[in-house]
Amino acid sequence: MGLATAPLGWTYVAWFGQIPLWIWIFRANTTRLNFTQLKQFLISRSLTAIAWGGGFYGVALFWITGVHPLTWLGVPWLASLAIAAFCWLAITAWGVVLVFVWLLAMAVWEVTTARTKVNSTFKKYLFILWGTASWCGLETLWSHSILWWSPVAYTQSPSQLHFLQWGAIGGPALLSAFIVAVNGFLALGLIDFLDGKTVNKNKQNWHYFLIAILIWLFCQGGGWLLYQKPLADTPEEKINVGIIQGNIPNQIKFNSEGWQRAIAGYTEGYKKLTEQGAEIVLTPEGALPYLWETVVAKSGFYQAILQTQVPVWLGAYGTKGDGYTNSLLTVDGQGKLLGRYDKFKLVPLGEYIPLSNVFGQLIQRLSPLKEQLLPGDRPQVLPTPFGPAAVVICYESAFPDLLRSQLLQGGEFILSSANNAHYSDTMAAQHHALDVMRAIEGDRWLARATNTGLSAIINPRGKTLWLSAMNQYEIHAAPIYRRRGLILYSRWGDWVVFLLLVVSAIAWLYQIVFPLNQR
């Protein structure tokens, strides 16, 4: 399953990558589970979750080890290796826990519905319904935690744009639901084919496969129809945005060499973009990694703003009480702060330490600041000269509900600002894939500026109109458009999850009400 994710992008693997997990569930007989078997039950589920979860989350998220070496932060080489390994194991384990809880939920369904007179084939349909609903429910729950990146849905991004259009209807949960259900029916068909238990073998063997194919055709065909809807943007809503990809390595980012290189690169890029007609310029997360007051007092970049009088979205740090924030600032053409967005979803261990009273002395922080960063408030939108903007800073791209809350507050376009220099090219490709999904779900234009790549312009159908190279200094100017309407997912959020769970609950009660008293 991990092979389906960007940048490798073997997206078709996702449509059968969950089959082994489904087959294991169908083969495991939990209908007569008792307490004496509980230990073996938990062990078998744990091992299965580790095997499948490790193959998906462990492979897809292996890029996290790219933080090593951290010697540029003064961390010894071996300690840096230990930190990288711990981060990878932690995020993989969190995914494994999701799979384990799902396996428990499936077992609970089997045990509680074992004594029923419901037709066995229909019972299997209901079981797949529950599997789909519970998986989507768990992914949604996990997406509200502090640690999230990898829904099953993102295996289809950025290449499968027709299928991804369903995100505008039901968000990532609907995409995951299609994939999980298809895997479930394919698994049933494969089991039935191998067992060959029925009298009318050919008919029985193929109807599960047929259902899986019909679901796949429906979501692909329906997505194609959604993709054909014209954008209908008007010239009055156009904003000419300039993007600067600074390409400042982390190894020098926070010393005098990095400061001088950043000032020179961003100032030169800013001036060139204004000459090309950019009405506002977007910079990456932490483009100038200091407080705004320092930027004003000590940088030629600020003087360039005063000279050209073209506003800028600047990645810098802000203050909040006695702490600091990772912020994107709107600076108008007179050099005044017009607005500020403070990053809400901070990176665990990198920007703050969860349960710092317990673990603060055990784990070295990856942040260069002397203090932990503080989260911003929610919801926020960023005031700009062109209307309110929805913003995601780096890690926040993985949290669709965070962006949706900003659209509900009036966000008319999306700004994505990231560093990405900490990690490998794999992370940059997956980050871009997530932003493609966010643009579709929000029905908004998205401008994306990163330090080392991949920077991009993405339209509301998820089409990438421009994509930068990796690890190169680049500037680019392109139009985006303001949009104000709210589509189904933006307005109603995870209604698909709620609907699936309600229907599953009704199906469960139906089976409980009709126990197996005659057969």
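Positions of Cβ are set from backbone N, Cα and C atoms, glycine also.
For reference, Swiss-Prot has these:
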ACT_SITE  Glu285  active site, proton acceptor
ACT_SITE  Lys343  active site
ACT_SITE  Cys394  active site, nucleophile
DOMAIN    244-482  domain 'CN hydrolase'
TRANSMEM  6-26  transmembrane segment
TRANSMEM  47-67  transmembrane segment
TRANSMEM  83-103  transmembrane segment
TRANSMEM  126-146  transmembrane segment
TRANSMEM  174-194  transmembrane segment
TRANSMEM  206-226  transmembrane segment
TRANSMEM  496-516  transmembrane segment
Within 10 Å of the Cβ of Lys343 (active site), how many other Cβ atoms can you find? Include all protein chains, please.
25
Between the transmembrane segment (126-146) and the stretches 6-26, 47-67, 83-103, 174-194, 496-516, work out which stretch tops the count of Cβ pairs under 8 Å.
496-516
Round to the nearest Å and give the CA-to-CA distance linking the residue listed as 'active site, nucleophile' with Lys343 (active site).
9
Report the same-chain neighbours of the residue listed as 'active site, proton acceptor': residues 6+ apart in sequence with Cβ closer than 8 Å to its Cβ, ordered by sequence.
Gly315, Asn326, Leu328, Ile393, Cys394, Ser417, Ala418, Asn419, Thr450, Asn451
Outside the transmembrane segment (496-516), six or more residues from its ends: residues with CB under 8 Å to it:
109, 112-118, 123, 126, 129-130, 132-134, 136-137, 140, 169-171, 173-174, 177
Would you count the other C-beta atoms found within 10 angstroms of the C-beta of Cys394 (active site, nucleophile) for me?
26
Which residues of the chain, 6 or more past the ends of the transmembrane segment (174-194), have a CB below 8 A from one of its CBs?
14-19, 21-23, 26-27, 124, 128, 131-133, 135-136, 139, 151-153, 155-156, 163-164, 166-167, 204-209, 211-212, 215-216, 219, 496, 500
